[in-house]
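Since the structure comes first, as structure tokens, the remarks are kept for the end.
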Number of protein chains: 2
Amino acid sequence: MGDSGIVIIGIDPGTRVTGFGIVRELSGQVSLVDAGTIRTDSKKPMCARLGQIYARIAGLLASHSPDEAAIENIFVASNSASALKLGQARGAAMAACAVSGIIVSGYEPTKVKLNLVGNGRADKSQVAFMVERILGVKNTKWALDTTDALAIAICHLNERRFARMAGK
Amino acid sequence: MGDSGIVIIGIDPGTRVTGFGIVRELSGQVSLVDAGTIRTDSKKPMCARLGQIYARIAGLLASHSPDEAAIENIFVASNSASALKLGQARGAAMAACAVSGIIVSGYEPTKVKLNLVGNGRADKSQVAFMVERILGVKNTKWALDTTDALAIAICHLNERRFARMAGK
């Protein structure tokens, strides 16, 4: 870890809306670098939308040079057609990370909630509240896809710290 | 269409093996440009494997400059976990095409079989036989993922021709 700390990008992939959140940890303090959503044009063919996701993620990686990435593991209990769509969005985002040489860790939604809120069944507004509190920001009016992505990034920072403390 | 005819890349995506087949149509004659498989390292994390698929497809697009791409629409009747995995491979391949500005058309496996063999329930060896016959090659010992990808590319050429004949 250099003077600039460690920078993590969290990604909550979706074909319609992909949330992203970039955070920095420096001297034990977590701060916001950038956050938002990638909204694809639903009138465009799927291929073009996946290209938008890839290009925007690649652009964020080039701008902010995160050290590692964390992504939501997709909940697979829905039907296979929606799993396929989500998989495509996830594949485009993960390929962008891999091409930039960034390792991606995956987290189940329940793991992220447990990590941030202390309850694996917390609702999205509770997660959003904790994200704002940890980052020391208020009334951001972030979309839930954005707070989810930031939560994944913060969860990954916490897991890294636990792993280091455990000597893993 | 210039003097070099029209070049199509067909892709049969999979996280373990992705087949690709590149064909050229010139003066009504279809010929082989390149074909093979992208085999990912199953010991590597999924992210790295998706990066391999993306990078190899991007390399093929740069080398052969296909005009259009065709991909197998994934059969979604299996479980959602495998649909998710296949979706990821498909997303990585489609993102590579989109970033290179190449339009991707999707075809159902039954459509490809009907188009080449005249029977939507033809088996893979019948498809392989027709692919070799159309391309005028013999005893290629291609993997079935390769012949499937070539079949998708040839199907797309046929569909384009039908569409032009119908004045679409």
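Just so you know, glycine gets a Cβ as well, placed from its N, Cα and C.
Feature annotations, courtesy of TrEMBL:
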- B:Asp12, B:Asp145: Mg(2+) 1 binding site (BINDING)
- B:Asp12: active site (ACT_SITE)
- B:Glu72: Mg(2+) 2 binding site (BINDING)
- B:Glu72: active site (ACT_SITE)
- B:Asp145: active site (ACT_SITE)
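Counting in whole angstrom, the residue listed as 'Mg(2+) 2 binding site' lies 11 from B:Asp145 (Mg(2+) 1 binding site) by their C-alpha atoms. There are 25 other Cβ atoms within 10 Å of the Cβ belonging to B:Asp145 (Mg(2+) 1 binding site). Taking each Cβ in turn and tallying the other Cβ atoms within 10 Å, the top scorer among the binding-site residues B:Asp12, B:Glu72 is B:Asp12.
DSSP classifies B:Asp145 (Mg(2+) 1 binding site) as helix under the three-state reduction.
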